[in-house]
Amino acid sequence: MKEGKMKRFLQLICLSVGATVIYFVPIHLRSLFYVPMQEVFGYTNTQIGNLAGWYGIMTIVTYLPGGWLADKYSARKLLAGSYIVTGLLTLVMALYPPYEVALWIFILVGISSTLTFWASLLKLTRQFGKDKNQGKAFGSLEGGRGLAATIIFAASSVLFTKIGNAWVGLRILIVVFGAVTILVAVMTLLVFDEKDADHQATNVFHGFLRSLRNPNTWLIAFIVMGIYTVHAISQYIAPFATNAFGTSVLIGSLLSQSKQWVKPLAGIGGGILADRFGVSKILLIGSVLLAASVGVFALIPGNSQLFWLLVVNTVIIFLLLGLLRGLYFADLNEAGIEWHLTGTVIGFATTIGMLGDVFVPFLAGRLLDHFPADKGYTYIFGMGVVSSCFAVIMLLIFRKYNKQRIEDKE
């Protein structure tokens, strides 16, 4: 019994820590160490933007085929392969390569951290939770990622500051993250058995066509889109605090970072609630509350006397997003999605659902350029209300369409 619990704990560590460190080069290096990155790599702002842009393009185009791979081949081996390739590419970045080489690294990391990784990660998470603990499994993954990110990145910042030399400090950090990513690959092969990664499809293309004909596939994709679009919009809370409320950049940054601080509580707590009351029911209640909370930002005027409301509402929004993002793939069981189609459905739903990363910055930038700050943010958060309400409508349809199966599980 103790060995079984220890094995499951190590599996969760592999999923959570791996899903954090694999994104160090394409996302966290830039967000945490932007200025030192410019200094030691010698890249311009435009070049850094291009690196991120090409990485984003590769993720969008590989989500769907990644789902096919996860259903066709061993998710365990695909996950380990993703960690190894990404870890090696991370170590190459420690050499401070010229921009042209870094561009190819970001393109390849976009493939290794998505094509062979994302759907495989979520498929293993679904199998980790088995039939009755989907909420806890997906919630623990989201909460674990938040906890891992908080600890790892805080330690990274302290280490970088202690070293005191950007050239040496950044190289050490990159090497450490590359090595840890490869170590997680080895752990994944050791703590997951092939039986933990079974349910492989024999005809992936036929399975894909079957999935497209299933209304639940589209409903799940639209639920993810409604919730994830609000996540994309939440990135504007920091500039909203600075521009509309007159807070300092530091305060805005701390508000933004609170997303990571509350994610463990939100993810794990949401998972427990979902297994107790039903995944789609908690998603529905959470989406209604999210629409109301985002609506507060769309309506309140920028006033320093309402700073307390800014702080409280920000924490509420991040708690709800942590809960909802931890659960929006946990409704596969309520939808009756067959195990061998898990990767295909996740790949399709992610491709559709995360389009917010594409259109939200495009629309938000134009709204802020064409309207005064208060009006611009009103429209941006108004877009979040519409998106949340869209998720609510999709969840109501989902619950009606799957009424009998949901009642049996609840």
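Here the Cβ of each residue, glycine as well, is placed from N, Cα and C on the backbone.
Look at TrEMBL and you will find 11-403 tagged as domain 'Major facilitator superfamily (MFS) profile'.
According to TrEMBL, the feature transmembrane segment maps to 12-33 (among others). Taking Cβ pairs closer than 8 Å, the transmembrane segment (12-33) reaches residues 48, 51-52, 55, 79, 82-83, 86, 89-90, 93, 105-106, 109-110, 113, 117, 121, 124-125, 128, 140-141, 144-145, 147-149, 152-153, 156-157, 160, 170, 173-174, 177, 180-181, 184-185, 187-188, 191-192 in its own chain, all 6 or more past its ends.
The transmembrane segment feature in TrEMBL is assigned to 53-71 (among others).
Sequence annotations record features per position, and here TrEMBL assigns transmembrane segment to 78-96 (among others).
Here TrEMBL flags 102-122 (among others) as transmembrane segment. Outside the transmembrane segment (102-122), and at least 6 residues removed from its termini, the chain residues within Cβ reach (under 8 Å) are 15, 18-19, 22-23, 25-26, 41, 43, 50-52, 54-59, 62-63, 65-67, 69-71, 75-76, 78-79, 81-82, 85-86, 89-90, 92-93, 138, 141, 329, 342-344, 346-347, 350.
The transmembrane segment annotation in TrEMBL covers 172-192 (among others). Sequence-distant neighbours of the transmembrane segment (172-192) (same chain, 6+ residues past either end, Cβ-Cβ under 8 Å): 7, 10-11, 13-14, 17-18, 21-22, 24-25, 29, 33, 76-77, 79-84, 86-91, 93-94, 124, 156, 159-160, 163.
Positions annotated as transmembrane segment by TrEMBL: 212-230 (among others). If you look at the transmembrane segment (212-230), the same-chain residues 6 or more away from its ends with a CB under 8 A from one of its CBs are 283, 287, 290, 294, 317, 321, 324-325, 328-329, 331-332, 335-337, 345, 348-356, 360, 383-384, 387-392, 394-395, 397-398, 401-402.
Residues or ranges marked as transmembrane segment by TrEMBL: 282-300 (among others). Within its own chain, the transmembrane segment (282-300) has Cβ neighbours under 8 Å at 135, 223, 226-227, 230, 233, 237, 240, 270, 273-274, 306, 309, 313, 316-317, 320-321, 323-324, 327-328, 331, 377-378, 381-382, 384-385, 388-389, 391-392, 395-396, 399, counting only residues six or more beyond its boundaries.
The transmembrane segment annotation in TrEMBL covers 306-327 (among others).
The annotation transmembrane segment is assigned in TrEMBL to 339-364 (among others). Residues of the same chain lying 6 or more positions beyond the ends of the transmembrane segment (339-364) and with a Cβ under 8 Å from any Cβ of it are 56, 60, 63-71, 75, 118-120, 122-123, 126-127, 199-201, 204, 207-208, 210-212, 217, 220-225, 227-229, 231-233, 236, 328-329, 332, 376, 380, 383, 387.
The transmembrane segment feature in TrEMBL is assigned to 376-398 (among others).
Averaged over the domain 'Major facilitator superfamily (MFS) profile' (11-403), the predicted model has a pLDDT of 86. Beyond the transmembrane segment (53-71), the same-chain residues lying 6 or more positions past its ends with a Cβ under 8 Å from any Cβ of the stretch are 26, 78, 103, 106-107, 109-111, 113-120, 123, 200-201, 204-205, 207-208, 340-348, 350-351, 354-355, 357-358. Counting only same-chain residues 6+ beyond the ends of the transmembrane segment (376-398), those with a CB under 8 A from a CB of the stretch are 216, 219-220, 222-223, 225-227, 229-230, 233-234, 236, 240, 243-244, 280, 283-284, 287-288, 290-291, 294-295, 297-299, 302, 331, 334-335, 356, 360, 363-364, 367-370.
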